[in-house]
Protein chains: 2
Amino acid sequence: MADILIKNGYILTMDPDTGDLKKGEVAIENGRIIYVGLSYNGKADKIIDASGSVVMPGLVNTHNHAGMTLLRGYADDLPLAEWLEDYIWPVEAKLGPEEIYAGVRLACLEMIKSGTTTFADMYIHEQAAARAVEDCGMRAALSYGMIDFGDPERAESSLLKGRNFVKDFNGAANGRISVMYGPHAPHTCSQQFLQDVREQARKDDVKVHIHVLETEAELNQMKEKYGKCSVNMLHDIGFFDSDVLAAHCIWLSEGDMDILAETGVHVSHDPVSNMKTAAGIAPVPQLLEKGVNVSLSTDGCASNNNLDMFGVMKTAALLHKVNSMDLTVIDARKVLEMATVNGAKALGIEAGMIKEGYYGDLIVVDMKRPHLTPLYDVDSHLVYSARGSDVTTVLVDGKVLMENGQVLCMDEYEIMVEASKAAKKTDSQHLIDVLGLNDPSADQ
Amino acid sequence: MADILIKNGYILTMDPDTGDLKKGEVAIENGRIIYVGLSYNGKADKIIDASGSVVMPGLVNTHNHAGMTLLRGYADDLPLAEWLEDYIWPVEAKLGPEEIYAGVRLACLEMIKSGTTTFADMYIHEQAAARAVEDCGMRAALSYGMIDFGDPERAESSLLKGRNFVKDFNGAANGRISVMYGPHAPHTCSQQFLQDVREQARKDDVKVHIHVLETEAELNQMKEKYGKCSVNMLHDIGFFDSDVLAAHCIWLSEGDMDILAETGVHVSHDPVSNMKTAAGIAPVPQLLEKGVNVSLSTDGCASNNNLDMFGVMKTAALLHKVNSMDLTVIDARKVLEMATVNGAKALGIEAGMIKEGYYGDLIVVDMKRPHLTPLYDVDSHLVYSARGSDVTTVLVDGKVLMENGQVLCMDEYEIMVEASKAAKKTDSQHLIDVLGLNDPSADQ
């Protein structure tokens, strides 16, 4: 007997072997998909009716700093140095594990509501993020953000934090949590530190998550310091392998792209963040052409400013069309692949497709909405017309986290209150109290 | 006694004279705003509690082809010529007034739900659009799309259609409908036709809505035909004046921008459409710098593919930041101005601000949502984090069209059914029946 049977939906399997089904059924047992097809023969404990909806793999967001959700809209439209030095860093310094826990819970709530089932994260106090992920039922690949700025003592303590995190949380939450090593970036970490992390990751058989060439400033710094760019430096020290997830990858030369393709590095593309911070435009069509596995991500909320992967999908398509002045350069199906199949591949999890044996990580998107009417082409609507708020039901690991728009795995209002209180600790002066927390008559 | 009093909201007036109010009240009587301030002294027939919400001017979408909502997602990711010749034109030829009525009703429903209170439109069978606008309660500046392709007979019949439309609908729907002349574009209309339309518009004291330099192909055609670009040609025949609304304006030289600034032409910027069709990037920061009034728009649904002005606002900010590689080039407040104040100015209507004497065209945006938490800066959240689905209440002309997420001015399901049926008449083969219209057990 299956635990859950989803019926009457348009099944966007994203599995090239089976194709999509105009009207099909998906059965789930013990957290895994046990049937995808026209009609399931067995019984099920619970039936989900997906009439008029698309059933698709949950979206995979491969680069986030979930704790930064507390800094959503805290400082925008400012020059990068002023933004970091006068706003982000001073506030980050005030964030402790409890604030990060509240921030990541808020991020998870937002991601669940907009159809993301798995995310990759890199930030401070990451054990609090792990606790939040464990509590809410999502899947995540978490990394402790490590940085040494060339200081050997800081390198040692950073690596220790990273190693402890890996030890404590690898396979946690019944396997929903995987871990990665998270050296911040080639220009903020010394070469020695990067080598040490690389070696440790191989020893522990753990993947690596790193920022690469997000800004032209990084490119220039690297050239000055090493006489070569980040990609060449990392390649030369043997850092690159198919277990590396490199976020951003904007300032790439043709040769850099060849290195990424040859070494099997996965690239996480953050179009909304890259536009908002005026970092540049990653050469995604060329990377895909060369066979690099490119996935999609929101980046943290301080530079997006939300975690809606539907927005990221649309922006990814639009940006590369106009940047190449060729509207055929990327199509809706390719973008859907990046947000599902490619993301799961980058993180090494059996998800991103609706396929027998894969995790029961699925979402239901309601198509009976004015802005999704009429419906000629499901791929097109999901990428160009839908919003995160069209997601009605979310399953992770075969558990229903949201059903018909109701979040079941946490109390929405409580999460917003706790996040607002945590934000208050970092900068109460600028907060606007929409929840009525300062009103003595309000329920606290 | 006021008809409606809105209380407890954050009032984003967009009025530089009064500034915004952290907690204020707005009173409306006979369709006009009669009070904006901290506390209204009089009584009101109806109270709207906007606690935890932003009350702001309704969004103004200054370039749409609302009937094309029927073609949403019908054909995407195809080369322009194939898209137009094999898909859009053959289907458009099958659209009659009843189909356009159904399509515009759907467009209005979507716009109301996502916070747009006024739109400018140009399309075929525009009398059906006027009927839809009259029925639903929105405000609109409508134009019959006129085109002659250099054929004098077609010019005559086009102008006649345009003149009849102007006669029949100027000031219709209790003044909610204004009219414009809508010559399609400088490369699809002959110079003589453009001159005739211009003259007629001056005679009738009616504004003009036209596409200008959306594509590089237009620029090249104009140079070949006239030895100058569209802007210079139009300027030389005295077409430009402060009653002209020019959509797109992508392929502008410095001199073209000066002409637009000097003649007071209003520019409607369609960032999502321009990216999706790979048309190019309009030089918006430069236009603003030169004092041109730039407003925002979605364009038609065949090239967007939705009518969510929140998506357009975010994309506008992001696109110009990355295009100029300067994240300070445009900020959230400027984008909000473009979507409200500037739009109303382009259409010559007393809206776009919450100000005494202005129309009661307001929206309420719920900020008590996970993706809008915490709240440091209202402008930032509205542009970078909010979605059309965060709009809960919409007033036009002092009438409540939507309240707490419930559309009051039409039946949502009926509108979707009628639009789906109309789409069926144009291409039933490719339609996917999510509403169950082909299921004999479904309610028709």
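Using N, Cα and C of the backbone, Cβ positions are placed for all residues, glycine too.
Database features, via TrEMBL:
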type	residues	note
DOMAIN	A:54-400	domain 'Amidohydrolase-related'
BINDING	A:His63, A:His65, A:His211, A:Asp299	Zn(2+) binding site
BINDING	A:Glu92, A:Arg154, A:His184, A:Glu214, A:Asp299	substrate binding site
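Annotated features taken from TrEMBL, shown on the structure.
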{"residue": "A:His63", "record": "Zn(2+) binding site", "contacts (Cβ under 8 Å, 6+ apart)": "A:Ala120, A:Met122, A:His209, A:Leu245, A:Ala247, A:His248, A:Ser268, A:Asp270, A:Ser297, A:Thr298, A:Asp299"}
{"residue": "A:His65", "record": "Zn(2+) binding site", "contacts (Cβ under 8 Å, 6+ apart)": "A:Asp121, A:Met122, A:Tyr123, A:Gly145, A:Asp299, A:Gly300, A:Cys301, A:Ala302"}
{"residue": "A:Glu92", "record": "substrate binding site", "contacts (Cβ under 8 Å, 6+ apart)": "A:Leu71, A:Ile124"}
{"residue": "A:Arg154", "record": "substrate binding site", "contacts (Cβ under 8 Å, 6+ apart)": "A:Ile147, A:Asp148"}
{"residue": "A:His184", "record": "substrate binding site", "contacts (Cβ under 8 Å, 6+ apart)": "A:Met122, A:Gly145, A:Met146, A:Ile147, A:Ile210, A:His211"}
{"residue": "A:Glu214", "record": "substrate binding site", "contacts (Cβ under 8 Å, 6+ apart)": "A:Ala185, A:Ala247, A:His248, A:Ile250, A:Asn274, A:Ala279"}
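One way to see the shell of the Zn(2+) site is to take the Cβ centroid of A:His63, A:His65, A:His211, A:Asp299; the remaining same-chain residues with a Cβ within 8 Å of it are A:Asn64, A:Met122, A:Ala247, A:His248, A:Ser268, A:Asp270, A:Ser273, A:Ser297, A:Gly300. Under the DSSP three-state reduction, A:Glu214 (substrate binding site) is assigned to coil, being neither helix nor strand. Each residue in the domain 'Amidohydrolase-related' (A:54-400) has a pLDDT score, and their mean in this model is 97. In terms of local Cβ density within 10 Å, A:Asp299 ranks first among the binding-site residues A:His211, A:Asp299. Across the residues annotated as binding substrate (A:Glu92, A:Arg154, A:His184, A:Glu214, A:Asp299), the two Cα atoms farthest apart lie 25 Å from each other. Secondary structure at A:His63 (Zn(2+) binding site), taken from DSSP and collapsed to helix, strand or coil, is strand.
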